[in-house]
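Trainee: Please read through the structure below; I'll follow up with questions.
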Amino acid sequence: MNAIPKDSTLTTAPPYRCAEALTVVRSNAVVNTDYRLLTLDAPAEVLDCAPGQFFQLLCPGTADDQPFLRRPMSIFDFDAATGSLRFLYKVTGAGTRGLATLRPGDRLNVLGPLGQGFSMQDDWQRLMLVARGVGLATLAPLARMAQAHGRQLTAICSARAPEFVMSVDHFRECGAEVIVVTDTDGSSSPDAMRALIEARIAHDGVDAFYTCGSARLARMLQDIGAEYDIPGEIAVEQQMACGLGMCQACVRPFHEGGKIVHRRVCREGPVFQLKGVVA
Amino acid sequence: MSALATSVGQLHLTNPIMPASGTFTEDLADVFDLGILGAHVLKTFTAEARTGNPTPRVCDLTGGMMNAIGIPSKGLEHFLTHTLPFWARYDVPLIVSISAHSYDAFARLAAAVSVPGVAAIEANISCPNIEADGRAFAVRADTTGHVVAQLREATDLPLWVKLSPNTGEPVEVAQAAEAAGADALVVANTLLGMAIDIETRQPRLGNVMGGISGPAIKPVALRMTYQAASATRIPVIGCGGITTVADVVEFLIAGATAVQVGTATFQSPTTMQRLLTGLEDWLRAQGIASVNDLRGTVALPHAPAPVPAMLT
């Protein structure tokens, strides 16, 4: 494992909620044609994380791209014991193209952990996780949290095709029952998924939903949640600048008390109650 | 006496590093001790509550960013009852940034925030003046002079006036602010710009146009700082693209008394902390006793030339 470089200008004092820290790339592996898994050696001060929180990554520039702002990235995995911090990402723009150039031993400046993570109320014993694409990465640490709390977990993983389904092994290792649905066999269609979820509710019961990565899935779970009185939480995404709440770039509208209010995704979120989000 | 100590008019600052309005809220206290800063400059607020502009509100640029946040504000009442008490815990001069769409409303807000605990008012005169067909006060000398005169009558607090780079007459605007009673000038604000996504052909900001900030605009802000400092007798606070210790020194040499750091804090929230340490180290290494010894020491190639009204 590489040593964490010391930089006295970076904040490390303990009373602060988050810190800007230098990390060292342990690996940056190709997962499939769309996704990569970045594993960092990170100092302890940024590893007191909660599932659903995120980091702001100072992505390196390339010959073609010079990203200025940090890029928000939800935590895929963190382990204070081994000093490991992992992000599963899709190469989509200037920031992630820069991330894809990182090699083992390279340094990466990270800011975090940021935002409010998922909660797990005591009476939420039978959990259902429904996600698609990179939303599966955001929900990955939630599975470990469910396991640690002794909860029953069903994970419905949606993807374009079987080769793009992610985190299945991770969810199984966390004791989850995993159901894969894809566009190729039609099992990911709204009707098919609704039937699947309603069958689960009828058979075993579901106490809470967790979702991320698809407005369509969020709307479906809002409908089902309203019909069966099942609460839930959602991790939402929004373009942001500072990640701390100062710039107010990342506001989104939410239903609250019969009116629409704006909340900052970076600060009041990124995890919100499912019923309030305008999906 | 600390090498970093300075003053803006009668206001003593332990150092010349302060945040730029709009890039500073209590949220930054999550990252470092805000008590180390020379002053606290709060986000601009308006008397009435506002939600701000549609998203996307920011976009990335080479060398900076562009924003059209739209000054979301919880209004005067929230400011007096919630915002002020938070900042009272710090022994750091508190600078309150205000905005309004008419001369009268600006003056009324200045009077309303002239309360104990506020060290100075920063008038953000880059907002559209509804009495001048939506043109920003700060783009013309006459509207600048008019609004500053009204603000001057409304408050006894030190009055800082934040100028706009979107003017063709920067020297006249700076002089008009001084003549109307400004105690200091903050130079400058964001530069109006636009960006388009070539795939969708849509503007990259929900508000179509926005303000460019960051290292890309530093030469513009530095030029205006030099012009304003050369053409007026009041302190000038440099603002625009400051990211490194060298940037701070450059603004001081151009004539600034202090500097504001904005967009760099969005990229790295520890920037101001880093600049403070770095500036002190740099002064020591250079054998310079005080940050004030740098002010206005630009070595011009010839005898100082008249400052042109506009460089094109």
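A Cβ is built for glycine as well, from the same backbone N, Cα and C atoms used for every other residue.
Whatever TrEMBL says is automated annotation, not expert-curated.
Pasting the feature list from TrEMBL:
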{"type": "ACT_SITE", "residues": "B:Cys127", "note": "active site, nucleophile"}
{"type": "BINDING", "residues": "B:Ser21, B:Lys43, B:Thr44, B:Asn124, B:Lys162, B:Gly214, B:Gly240, B:Gly241, B:Gly262, B:Thr263", "note": "FMN binding site"}
{"type": "BINDING", "residues": "B:Lys43, B:Asn67, B:Ala68, B:Ile69, B:Gly70, B:Ile71, B:Asn124, B:Asn189, B:Thr190", "note": "substrate binding site"}
{"type": "DOMAIN", "residues": "B:4-282", "note": "domain 'Dihydroorotate dehydrogenase catalytic'"}
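Context for these features, please: burial, neighbours, distances.
Mentor: Look at B:Cys127 (active site, nucleophile): DSSP puts it in coil. Annotation for B:Cys127 (active site, nucleophile): spatial neighbours B:Ile71, B:Ser99, B:Ala100, B:His101, B:Ala136, B:Phe137, criterion Cβ-Cβ under 8 Å with sequence separation of six or more.
Summarising the environment of B:Lys43 (substrate binding site), the number of other Cβ atoms within 10 Å of its Cβ, over all protein chains shown, is 22.
Annotation note: B:Thr190 (substrate binding site) sits in a coil segment as assigned by DSSP.
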Trainee: Around the recorded substrate site, report the further residues of that chain (criterion: Cβ within 8 Å of the mean position of the Cβ atoms of B:Lys43, B:Asn67, B:Ala68, B:Ile69, B:Gly70, B:Ile71, B:Asn124, B:Asn189, B:Thr190; site residues excluded), sequence-ordered.
Mentor: B:Gly22, B:Thr44, B:Gly211
Trainee: Which residues does B:Gly240 (FMN binding site) neighbour through Cβ under 8 Å, counting only same-chain ones at least six apart?
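Mentor: Counting only residues 6 or more apart in sequence, the Cβ neighbours of B:Gly240 (FMN binding site) under 8 Å are B:Pro165, B:Val187, B:Ala188, B:Ser213, B:Ile217, B:Lys218, B:Val220, B:Ala221, B:Leu222, B:Met224, B:Thr225.
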Trainee: Where does B:Lys162 (FMN binding site) sit in DSSP terms: helix, strand, or coil?
Mentor: strand
Trainee: Reduced to three states, what secondary structure does DSSP give B:Gly70 (substrate binding site)?
Mentor: coil
Trainee: Within 10 Å of B:Lys43 (substrate binding site) (Cα-Cα), which of the binding-site residues B:Ser21, B:Lys162, B:Gly262?
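Mentor: For B:Lys43 (substrate binding site), the binding-site residues whose Cα atoms are within 10 Å come to B:Ser21.
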Trainee: Count the Cβ atoms, other than its own, that fall within 10 Å of the Cβ of B:Lys162 (FMN binding site), considering every protein chain shown.
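Mentor: So the Cβ neighbour count for B:Lys162 (FMN binding site) comes to 27.
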